[in-house]
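Features as listed in TrEMBL:
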| type | residues | note |
| --- | --- | --- |
| TRANSMEM | 25-46 | transmembrane segment |
| TRANSMEM | 52-72 | transmembrane segment |
| TRANSMEM | 79-99 | transmembrane segment |
| TRANSMEM | 105-121 | transmembrane segment |
| TRANSMEM | 128-147 | transmembrane segment |
| TRANSMEM | 159-177 | transmembrane segment |
Amino acid sequence: MPIVKGEMVSKAPTKSARQAQGMKTLALFYLILVAASVFLVHSPLYGPAVSYVLFYMVVAVLVTLSVATIMLPQTQFSAGFTGGLCLTYAAMLSLAIFFSGGSSSELYLLLVPLLFCAALHGSRGVGVATLVGTLFFFFLAVLPDLLGGGTDAVSTPVLLFRLGLLLSLGLLALFATSRLSGRGALEHESVPQPEDGGATLLRRAEREIQAHRGVPVAVVLIDPGADVEDVDLLLERVRARVAPPVLLGEESIFGFVVSGGEREVESAARRSLAAASSLGATETRAGAAFYPRDARSAKELLSAAGLALEAAFEIDSPSAIVLSGRAGGQSYRAAR
């Protein structure tokens, strides 16, 4: 069996990469905005009273937060982490508003880009948490002026307008997130969610059998192991160079359907294992079964492929491929 020598890297960004890139762009944007805010509060035209020492302390925290966000790896930007990050931004920006004039501060506009964090991350939960947190912290920033009626305090209708503006933009961002999520689901339909993976793979096998009568059809199951760095990227690479994969269950096991003989199927399995190895996988296994040689139906074909994958774990090798065979027993080859 020939060893795969090269890797054909997919140029399509993964979902996690897009999310991380969006948040890193937002952090860079805030670095620029914070620097501009420092110049603004020192302008002779800026009227509200500013507590410069406390304002600079908040600016230092915002700069540190933005630089740290830019340097974080893309795997860090889960929905929970991103939600916490956005709430931290909302709290610190509200402190900057409070120390630069409170209700009369013009820095409330710094909160506007944060409301589109949900659209950048693609998570409705992140958007709701960000919107609620932004409105809450902004309200706390202007509350002393509302209660005390300071000399620089703006009128209540102006504050209500600003709150309404932030609320409207936040709802717009949530609507955009819903539309983008729906479109993304259609674009990535070829990689189904784990809960319907088995049924989807079964339907694909049935369609392939009907479409290629007289030609062997194989189901290949891949277990890339627990060390793979990015399952989404692995699935995109397999889809680009082998076949559309289907994620099975909550683990990283996936499968796909291909037509052809043992050589073609073995090549497809080998390329999938090579893609997993390039992403840090150390213990990889593949099992494949053929219709009509190993099964009389698509359901039996999936079962035979599962048995072949189990047999692959009995091979004393870091990576192995097992090709099922009803007539002469199971044949196997170590992948490397």
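Using N, Cα and C of the backbone, Cβ positions are placed for all residues, glycine too.
TrEMBL labels come from automatic prediction, so no person has curated them.
With a cut-off of 8 Å between Cβ atoms, the residues of this chain six or more beyond the transmembrane segment (52-72) that come close are 20, 23-24, 26-28, 30-31, 34, 37-38, 41, 85, 88-89, 92-93, 95-96, 99-100. In this chain, the transmembrane segment (79-99) lies apart from the transmembrane segment (159-177): fewer than three C-beta pairs between them fall below 8 angstroms, excluding pairs fewer than 6 positions apart. Same-chain neighbours of the transmembrane segment (128-147): 83, 86-87, 90-91, 93-95, 97-98, 102-105, 108, 111, 114-115, 117-118, 153-154, 156, 159, 162-163, 166-167, 170-171, 173-174, counting only residues six or more beyond its ends whose CB sits under 8 Å from a CB of the stretch.
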